[in-house]
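S.K.: I'd like to ask some things about the structure below.
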Amino acid sequence: MATCKEKDVEHASYLENGTLDKPSVDAGALILELPENEKQRILRKVDWRLIPLLTFLYLVAFIDRSNIGNAKIAGLNSQLKLHGLQYNAAVTLFYVPYTLLEIPSNIVLKLMRPSRWITILLFSWGMVMTLMGLISSYSGLLAARWFLGVAEAGFFPAAAYLLTIWYKRYEYQRRFAIFYSMASMAGAFSGLLAYAIEKMDGVGGRAGWQWIFILEGLIPCICAFFMWKVLPDSPETATFLEKHEREFIVNRIAAETGSGQGRVTNSDKIGAKHIFAALKEWKVWALIPVFWGNTVAGYGFTATVPTVIEELGYTAANAQLLTIPIYVFAVILVLTFAYLSDKHQVRWLYIVLAYSISVAGYIAQLVIPHPRYPGITYGFLFPIAGGLYAGFSPMLSWAANNIAPSSKRAVGMALLISVGNMGAIAGSNVYLAREAPKYPTGFGTSFGFLCLGIIMAVILRLAYAKENKRRDRLVEELGGEQGVQTKYSEQELLDMGDRSPFFRYTL
């Protein structure tokens, strides 16, 4: 066994002279000998460069897709003379190209530099949103929502995937939760911005709702001019890291299989085999009903909550402001659940707990005699939002943890998000204007899909546990780690990814 002094000399020599063209077990072991404070320093360096950028971009994206709810009560409906289900149709249309283009977008992401692709998306949706402030008809609104869906389609699956190539499986959710919590804060910021921008009503001959679109669209356009330069593409090419820091990040991720044995890779070149493997992956399709529990309830809630509050007897301006505490509460719950999920290294339990909180809120909304008790009705909007947002990050982290190699993960996560977001099409149409202020169809449908999500999460957890035990037996039958490595070459094990006998699923 090497002494501490020998290790220090070996480590210093490595940092000074060694560059790993290909991760290896020995190199990974050597990198892991870094002092703990040095490991944490490198991770903090990555955190401060990557997380704020992606978080800010998601905040901007979510504000731009959901500000139609704020524009509605700021005069959009009356000025464009919308009636019946026309508003619902405009909200829904966004999700048609949005869901269809997520998989192609992540394939492009693997073929070109992520920083370039995300910058293109950023500028595109900002331009569409700005031009949305110039529309004057219902047909113009539909066209703008369609192209906004086209432009925004690739960002969320790209960002969710990028985090997986930087962090280990039980570091991922805390970072993703900070990123995703901006979906919650977007509701708060959107309401606050809309409240302020609406005061510009009449400036330049344009209505307040038009200024909401114009000003909130200019932000991503401006950001696009520098984002391509500052957003890192991968640990292997990150210029803000030193050579030994890059090697540390690459090797620690490569050794993350869930069993302490074998390796995975994030350097694979995407090919048809990865695409088809992801498209037929059973665990992605099994997780989609869990995703629907979130999107059916969540997107309908986001687009409708300002109206729900307004119909409790509050003014339009106050309804905008009253959405803010709801989303702040949701952020607190998202971050709390993420910390606990990573700490206890379990995903399914926190999905079930979060969804159960939302179910309780929906039951209350269904039984409260609206609008007789506006305070109680408003209060029970908090658990709905909190549970919905808190349940999403462990659900997507579950998928990210259990798909390998990276090319398969990029397509698999995009597939999950794409088909899962089709639930938004249903969610955007279940809050019917004629049912205001009770919305039994909206609240009831959301309740039902959340219950389905809870059931599927439990089933998937049992399936993963069964498969992990099967692989434990398989390794024993092959004569342990050495037996597996005798039967399969290192490259075969890397290509197998999550099918490797060494890979263990997160529960």
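Using N, Cα and C of the backbone, Cβ positions are placed for all residues, glycine too.
Okay, these came from TrEMBL:
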DOMAIN    50-469  domain 'Major facilitator superfamily (MFS) profile'
TRANSMEM  48-65  transmembrane segment
TRANSMEM  85-105  transmembrane segment
TRANSMEM  117-138  transmembrane segment
TRANSMEM  144-164  transmembrane segment
TRANSMEM  176-197  transmembrane segment
TRANSMEM  209-228  transmembrane segment
TRANSMEM  282-301  transmembrane segment
TRANSMEM  321-341  transmembrane segment
TRANSMEM  348-368  transmembrane segment
TRANSMEM  380-399  transmembrane segment
TRANSMEM  411-431  transmembrane segment
TRANSMEM  443-464  transmembrane segment
S.K.: Suppose I define contact as three or more CB-CB distances under 8 A, residues 6 or more apart in sequence; do the transmembrane segment (48-65) and the transmembrane segment (176-197) meet it?
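M.R.: They do touch: at least three Cβ pairs between the two stretches lie under 8 Å.
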S.K.: Among 144-164, 176-197, 321-341, 443-464, point out the range having the most Cβ pairs under 8 angstroms from the transmembrane segment (380-399).
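M.R.: Ranked by Cβ pairs under 8 Å, first place goes to 321-341.
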S.K.: Counting a contact as 3 or more Cβ pairs under 8 Å, with residues at least 6 apart in sequence, do the transmembrane segment (321-341) and the transmembrane segment (176-197) touch?
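M.R.: Yes, the stretches contact each other.
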S.K.: Residues of the same chain, at least six outside the transmembrane segment (144-164), with any C-beta under 8 angstroms of its C-beta?
M.R.: 50, 54, 57-58, 61, 64-65, 68, 90-91, 93-102, 105-106, 108-109, 114, 117-118, 121-122, 124-125, 127-129, 131-132, 135, 172, 175-176, 179, 266, 396, 400, 406, 409-410, 413-414, 417-418
S.K.: Restricting to the domain 'Major facilitator superfamily (MFS) profile' (50-469), what is the model's mean pLDDT?
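M.R.: Reported value for the domain 'Major facilitator superfamily (MFS) profile' (50-469) is a mean pLDDT of 88.
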S.K.: Please indicate, using numbers and ranges, the residues of the same chain that are 6 or more beyond the transmembrane segment (443-464) and have a C-beta under 8 Å from a C-beta there.
M.R.: 283, 286-287, 289-294, 296-297, 300-301, 348, 351-352, 355-356, 358-359, 362-363, 365-366, 384, 387, 391, 395, 402, 423, 426-427, 430, 505-507
S.K.: Can you work out which residues elsewhere in the same chain, 6+ from the ends of the transmembrane segment (176-197), have a Cβ less than 8 Å from its Cβ atoms?
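M.R.: Same-chain residues near the transmembrane segment (176-197) but 6 or more away: 51, 54-56, 58-59, 62-63, 66-67, 69-71, 74, 159-160, 163, 208, 211-212, 215-216, 302, 305-306, 317, 320-324, 326-328, 330-331, 334-335, 337-339, 385, 389, 392-393, 396-397, 400.
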